[in-house]
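Residues annotated as ubiquitin cross-link in TrEMBL: K717. Annotated domain 'Histidine kinase' per TrEMBL: 350-589, in sequence order. Look at TrEMBL and you will find 615-732 tagged as domain 'Response regulatory'. The 4-aspartylphosphate annotation in TrEMBL covers D663.
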Amino acid sequence: MESCNCIEPQWPHDDLLMKYQYISDFFIALAYFSIPLELIYFVKKSAVFPYRWVLVQFGAFIVLCGATHLINLWTFRIHTKTVEVVMTTAKVLTAAVSCATALMLVHIIPDLLSVKTRELFLKKKAADLDREMGLIRTQEETGRHVRMLTHEIRSTLDRHTILKTTLVELGRTLALEECALWMPTRTGLELQLAYTLRQQNPVGFTVPIQHPVINQVFSSNHAVQISPNCPVARIRPISTKYMPGEVVAVRVPLLHLSNFQINDWPELSTKRYALMVLMLPSDSARQWHVHELELVEVVADQVAVALSHAAILEESMRAQQQLLEQNVALDLARREAETAIRARNDFLAVMNHEMRTPMHAIIALSSLLQETELIPEQRLMVEAILKSSNLLATLINDVLDLSRLEDGSLKLDNGVFNLHTMFREVLNLIKPIASIKKLLITTNLATDVPEFAVGDEKRLMQVLLNVIGNAVKFTKEGSVSVTALVAKAESLRDARTPDFIPLATDDHFYLRVQVKDSGPGINPQDIPKLFTKFAQPQTPANRNSGGSGLGLAICKRFVNLMEGNIWIESEGLGKGCTAIFVVKLGSPERSNGAMVPFASKPLVNHIQSSFGGLKVLIMDENGVSRTVTKGLLMHVGCDVLTVASSEECLLAVSREYRVVFLDLSMPGFDGFEVAVQIRKRFSKRHERPLIVALTGSADRLTRENCVRVGMDGCVLKPISVDKMRSVLSELLERRTVFEPL
């Protein structure tokens, strides 16, 4: 028997199966190569997928498998029909599954990336939550420390307490080894160690403010870590055993340091900084944390705010104390001024009374002597005595008026009066003097000047007499013209007199009076001096004028009381002078009958020269004054009885006496009480004598008291013969005579 071949004969070659195997190996290799790439992409994008090294190993395995199939493309050999069918079927299935897997991974990898492992997710969230809770706890702790520090700092407004408390609380809160505060010196060139936490006597140590480390801290808004060897940090004891702890420094804005000093601290600093240095313990490896630095920065800002509040309070308290001291000083000065004014007024009142009594004797006796037979030389001497006495009496009145004007006690005595008549009376008084000097006086009252007006006739007349009298006095030759008109308020406004603001009303009008003379004139620079009391321009005319320098000063105050203005105009020496004043007067038809007591009355129709048979009783304590008054009354024909006391007067008074002159300053019963007793004794007015006060007190209260007790008149000393005739004539005709003050 022949031996057989064990190898099964080969099947016929099938090209189609070979193509299927070839294509299947290609797709298997392609799928195997794409799957690792997709896994690499997944691992790269996934931040939480664990065991990445397993995926890397699995990817390497698949790549190698794919490589074997790729190699099979070049290592095909002929197999049996059965093997080829099985291999073709397996490869086709493998290729289909591999490609399906590769395509499926393309779609599910994004979904896998969005799905995180629950355990890792929870761990990560727990870690994040722990970090957030730690941050919150840190912030709460920092906030608590800040609130505590802020409360401690702001619990006082004393700057030194604020700064010392800040160091103590920071040292306790942050467990510091040392904490120091450096303040700028007065010059601003150095920092001085002002406060420390541990050291007892640190004050006096200084470092230059231009040190690089200090500049670095001052230029930053945050806390800056500095070297422990920096000059501002070398304040703790030197230790070689431990490394020094970390040091930070922060600037403290000094918003205001007014009068807040410690040694050389500046009085005022608005753009300077203090330096706060904080040191951790040397025996630990502790480091500064962010929240601790934030705490330090917040505290530095709070210290700056507290210092500014303290500065404001100190300034306020200082200003309040200064204001209190000023108020006390002003109150003391006011009391002293009031005391001085009262003393001055009392002195003037006493001097006024005491001076009028001897002046009464001088003027009365001189006027009596003037009416006797005298030789020319004697008459000149008597006239000189009278002129000087009248000048002295005018000076007394001016001083008294000025005193009352300055202390505000002088009030206007407003009433209805005849304005035209007042001008005529003033001119009648001035013309005799002007005729002696051969001066021409002309008057011009505009047609719009009303006949009657409401105002203080006596004070307006005093201003007119003074202004016109000055023009006559200083004019040696030529003329004096007086013009009066009603001026509109708008025309009176002048930028040179901003304090005078005329206002037009229906109840009032402004009277403008101009007095122009051809006298020596005035230098323009001397015009302001004219209205200053006791001041006169030094001109030849003034040196011989004999004035006191009070006339125009008093006139200005009277005009101001009448809500007016007065001024002088002159082009210079030798060119004359013009005085102009404006006063505000009321219209009587629109003033609702605004009358006050003692309104001026027209003069009596006829002044008697003799009063023969008129029985008069005089009560006066002063013997000289009593004798002088008796001489005046006897000279005009009266039958006179004099008494020296109140008791004698009450015993002597009877119906046969027509007039009783009473001196008010009497010992025991004064003149007012005597007047009351006389009125009680004579119940019927036509039976009792006319009671007239003869006094040297020229104040309103005296006159009001005379009216209160029922007196019929009040006459001021001194009295001349002509004045006595005028007083008696008015008293007998009107049964009252009150001389205006």
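Indices start at 1 and increase along the chain as displayed.
Every residue, even glycine, has its Cβ placed from backbone N, Cα and C.
These figures come from a predicted structure and were not determined experimentally.
The two recorded residues the residue listed as '4-aspartylphosphate' and K717 (ubiquitin cross-link) have their Cα atoms spaced 10 Å from each other. Per-residue pLDDT, averaged along the domain 'Response regulatory' (615-732), amounts to 89 for this model. Remark: secondary structure over the domain 'Response regulatory' (615-732) totals 52 helix, 24 strand, 42 coil, with classes taken from DSSP. Long-range C-beta contacts of the residue listed as 'ubiquitin cross-link', restricted to its own chain and to partners at least six residues apart, with a cutoff below 8 Å, comprise R356, T357, M359, H360, S625, L694, T695, G696. For the residue listed as '4-aspartylphosphate', the number of other Cβ atoms no farther than 10 Å from its own Cβ, over all displayed protein chains, is 25.
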